[in-house]
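These notes are about the structure you will find just below.
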Amino acid sequence: QRRNVYYIYIFSLCLHNPPKKPKGGLRTTHLISYFLIFLVALSFAYFAKALSGSYMKSTITQLERRFDIPSYLIGVIDGSFEIGNLLVIAFVSYFGAKLHRPKIIAMGCVLMSIGTFIIALPHFLIGRYEYETSVRWVENSTLSPAPCRAGLPAELTQDGKRPQEQSTDCESESNLSMWIYVLLGNVLRGIGETPVQPLGISYIDDFTTEENAALYIGCVQTISVVGPVFGYLLGSLCAKIYVDIGFVKMETITITPDDSRWVGAWWLGYLVAGVITLLSAIPFWFLPRSLPVPGPHFQRKDNDEQKGFIKDHPHLKKKYTADEHTGFIEMAKDFIPTLRTLLAHPVYLIYLCVTVIQLNSLIGMVTYKPKYIEQHFRQSASKANFLMGVINIPAVALGMFSGGLLMKRFKLNIMGAAKFAFSTSLIGYVLSMFFFAMSCENAKVAGVTLSYDKIDEISYDKHSLFTACNRDCVCSSNEWDPVCGENGITYLSPCLAGCSTSRSTGVHVFSNCSCIGVGGNLTANTGQCLEKDDCDSMFPYFLALSVITSFIISLGGTPGYMLLIRCIKPELKSLALGFHTLATRTLAGIPAPIYFGAIIDTTCLRWGQKKCGGIGACRIYNTTAYRIAYLGLTLSLRTVSFIICIPGFILLGRQLKKEEQDAIHALSNGGTELEALRKEECVILNSDQPLHTPENSTDRHTRL
């Protein structure tokens, strides 16, 4: 009799609160399919944006030479991507989390694609690339005028150029301001990339268990690191191709990819990246706004694998779901209080400061690392990009994926993830100090790094270029048309080498050079001397150490990212991710390439000169000063971040201790209430009173 009364009681509760049907009528298998499609689509979007971003960094030296601009201005162009993020990131992260996230991501991918195409646009609007050379004075001839010319000073300007040639040159140079299109296209790329990370990561975290979220996010980030591999490989391929391929006869090009005046087909890679980014937007248009909650009759059939995707699984009790019926005005009113709550979180603020400082170091280092390899170890741009893509980036990808697996394997909590990320970063910091010992000597350039008498010295004086052997020649001190003498020394131009004759037989050779050898009877070839025995022996060690440090530092990438997600309340997750992206882009992504480039510019020994006056791109650097400035700034920033981590660990420990105490208190209160409900049920079953009304049953069910 008591059992029958209990069954009637349960039946009455079911009649009053029947189980809801799944929204949209989707089965559990459909939910899993949708989630997998979203996971693959987001990974491809990460791949596309990472490919175009890394390709941008691989073309830094190409853009410098093509538009004749210094490194700090290239830093402005590179940082313009973050400016685009800054414009919309806060609103996209907050309002986008409450709207249709997949479609917003799709629109962002389309904008990224358009911006990438705009970056390539200047190539089709400006004229052909013209580099400084003394070989192409007379076309269709094997003989060229003598480089060392005796002329009247009245016929030439101070730079050794005829006045009538300057007006024509200045008209063509006005087209070089079209680098602004590159900047604007990069801004649009930044705007389009905004929703991909915060909305994509929060979407994954909303519909997976906590123990699987780290693995899925680690997979996505690993794919995003694979993107730069192809980006740098694409940059390496395009750097080998001459910028005006198909529009000029390659027989007339007298420079090679090893020359500091060489410009590759930088525009070609942007067209490829734009198409790939456009394709990544397609799947998001067909995904649902959110994954519906399956009913109990479906949950009974779920296996363990399916439960990893189901939102109502017991492990997902703390997941936050946005209210689909919230109005725009209500969301806007709640924005400022929510942001104030987020910024009042001490652990979040400490984490934000640490990541901003470390990303300043990381972004500055990665942006100019190919250029560092080019200038310090005297490698071509194509080889530098190839090595970055094949050796360095895969180590980062493997490290990030391994970090996610280790976090899942050892089930690291928040404090464990923080200690793991700190330890890997500290080990990488110590190993990075050995880069200072891997040095190369400055290139031997007459009048710049050594005098014409072969006495080592660093010179910033133009007059040091002129000596007795070239005094009778009318030469420009600003001209950069390097030739390599038989004595293994580079001269800034054939004229400054005192060469009196030249001939072209497939290879351009200058002879009777008065500054080369005794008696001036030696020859010189076009291009800089490639004597780099000291660098060739040191370069493999540099690559090996670079791979090891990149792998160790990237091990802490995924645990550090999960620390960001877990240290805040679930309802603040999307806003926290968005504001974190906003802060890092604003305080690291924008300024780091600019001030790194400005500091690198201070180590320049010889600047290129624009035809209408003013400095252009740097032709040769002081490699010792370059190494100290580049590595010293990188490690100094990371030192500051380690100091800030100390109060961060203290605050995190206090927060975890407080949460543990609150959980114990809530558990004890919940146990007391549950015991009271059990006693009440016993009274009902043992009494002869009639079954309670549905209102009382509903209240009792709610309390239970």
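Cβ coordinates come from backbone N, Cα and C, glycine included.
Noted in TrEMBL for the protein shown:
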- 31-51: transmembrane segment (TRANSMEM)
- 38-657: domain 'Major facilitator superfamily (MFS) profile' (DOMAIN)
- 72-92: transmembrane segment (TRANSMEM)
- 104-126: transmembrane segment (TRANSMEM)
- 213-234: transmembrane segment (TRANSMEM)
- 267-287: transmembrane segment (TRANSMEM)
- 348-366: transmembrane segment (TRANSMEM)
- 386-406: transmembrane segment (TRANSMEM)
- 418-438: transmembrane segment (TRANSMEM)
- 463-517: domain 'Kazal-like' (DOMAIN)
- 541-564: transmembrane segment (TRANSMEM)
- 576-600: transmembrane segment (TRANSMEM)
- 628-652: transmembrane segment (TRANSMEM)
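As a quick check, the transmembrane segment (213-234) and the transmembrane segment (386-406) clear the bar of 3 or more Cβ pairs under 8 A, pairs 6 or more apart, so the two touch. Same-chain residues lying 6+ beyond the ends of the transmembrane segment (628-652) with a Cβ under 8 Å from its Cβ atoms: 346-347, 350-351, 353-354, 357-358, 360-361, 364-365, 368, 372, 414-415, 418-419, 422, 425-426, 429, 432-433, 435-436, 567, 596, 599-600, 602-603. Using a Cβ-Cβ cut-off under 8 Å and counting only residues 6 or more beyond its ends in the same chain, the transmembrane segment (348-366) has close neighbours at 57, 342, 425, 560, 563-564, 567-568, 576, 580, 583-584, 587-589, 591-593, 595-596, 630, 633-635, 637-638, 640-641, 644-645, 647-648, 651-652.
Under 8 Å from some Cβ of the transmembrane segment (267-287) lie the Cβ atoms of residues 34, 37-38, 40-41, 44-45, 47-49, 51-52, 55, 58-59, 102-103, 105-110, 112-114, 116-117, 119-120, 122-124, 231, 234-235, 237-238, 241, 243, all in the same chain and six or more residues away from its ends. If you look at the transmembrane segment (386-406) against the transmembrane segment (31-51), you find fewer than three C-beta pairs under 8 angstroms, all six or more positions apart, and that falls short of contact.
Long-range contacts of the transmembrane segment (31-51) within the same chain, counting only residues at least 6 positions beyond its ends with a Cβ under 8 Å from a Cβ of the stretch, are 102, 105, 109, 112, 193, 196, 200, 203-204, 207-208, 216, 219-221, 223-228, 230-231, 234, 273, 276-277, 279-281, 283-284, 287-288, 291-292, 294, 306, 309-310.
Per-stretch counts of Cβ pairs under 8 Å to the transmembrane segment (541-564) identify 418-438 as the leading one among 72-92, 418-438, 576-600. Non-local neighbours of the transmembrane segment (576-600) in the same chain are 70-76, 78-79, 81-83, 85-86, 89-90, 92-94, 190, 194, 197-198, 201-202, 339, 342-343, 348, 352, 355-357, 359-361, 363-364, 367-368, 371, 564-565, 568, 621, 626, 629-630, 633; each lies 6+ residues outside the stretch with a CB under 8 Å from one of its CB atoms. Sequence-distant contacts of the transmembrane segment (72-92) (same chain, six or more residues past either end, CB-CB distance under 8 Å): 53, 56-57, 60, 63-64, 104, 115, 179, 182-184, 186-195, 198-199, 367, 578-579, 581-582, 585-586, 589-598, 601.
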